[in-house]
Amino acid sequence: MKELILASASPRRKEILDSLGVLFSVKISNFDESSITEKDPVKRCVLTACGKAENLFKTLPQNEDSQKLILAADTLVFAENTAFPHEKIIFGKPKNEKEAEMMLKSHSGSVHFVVSAICLLDCKTGQIKEKHSLSKVFFKKLSDKEISAYLKTEEWKDAAGAYKIQGKASFFIEKIEGSYTGIVGLPVRELYEILNKTEFRIL
């Protein structure tokens with residue numbers, strides 16, 4: 001049976017796989033995400049996920065990797081750009097509290113999108129499979145007091161778009177359209193479909 005390697009340091013992705021009863025190990029990919037210059041957020045997300053998988057594959061001993069599958073993922077938050085309709089506003093991980101505050105103010109009372117891409121690399125064949133989910137998140141109007149209180153939780157740290165839907169940011173979300181697990185960071189339906197085409201059994 002194939003062995004699954006999660007190429008991610010994300011505790012959220014690990015928690016999702018654990019909740020599904022999937023057996024896997026974790027190895028961190030050192031892929032430089034800044035090397036991806038693609039402007040389209042969906043394409044950029046897919047390229048980053050595949051870059052993470054390929055980067056880790058190159059570090060594995062060639063005589064040990066034939067039965068391994070590398071699973072990598074990436075998540076991006078973005079919004080429409082009303083000033084330039086052909087461009088998107090991409091929200092990465094905030095570098096500091098001020099950036100996080102600006103992102104939360106941008107989300108307030110509006111809709112944004114979350115794309116999560118997964119890439120599965122078969123170490124025996126080098127074959128790559130990829131899928132992605134695209135979801136819409138509707139935020140309620142936030143008061144300055146609510147934004148300040150959320151910033152104090154520090155949930156915004158290491159979070160694309162400056163919030164974590166599985167945490168206290170859920171207080172602010174009116175509804176979502178799409179994949180909840182995709183918004184968290186690992187779209188489960190897409191994961192099932194991609195693994196179901198391999199020798200690795202998830203169900």
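Glycine too: its Cβ is placed from the backbone N, Cα and C atoms.
Those TrEMBL annotations? Automatic predictions, nothing curated.
Taken from TrEMBL as is:
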ACT_SITE  D74  active site, proton acceptor
SITE      R12  site 'Important for substrate specificity'
SITE      T75  site 'Important for substrate specificity'
SITE      Q166  site 'Important for substrate specificity'
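Feature map: TrEMBL annotations on the structure.
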residue: R12; record: site 'Important for substrate specificity'; Cβ contacts under 8 Å, 6 or more apart: K164, Q166, V184, G185, L186
residue: D74; record: active site, proton acceptor; Cβ contacts under 8 Å, 6 or more apart: E33, C45, V46, T48, A49, K52, S116, A117
residue: T75; record: site 'Important for substrate specificity'; Cβ contacts under 8 Å, 6 or more apart: C45, V114, V115, S116, A117, A160, G182, I183, G185
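The DSSP secondary structure for R12 (site 'Important for substrate specificity') is helix. A sphere of 10 angstroms centred on the C-beta of Q166 (site 'Important for substrate specificity') encloses 16 other C-beta atoms. Secondary structure from DSSP puts Q166 (site 'Important for substrate specificity') in coil.
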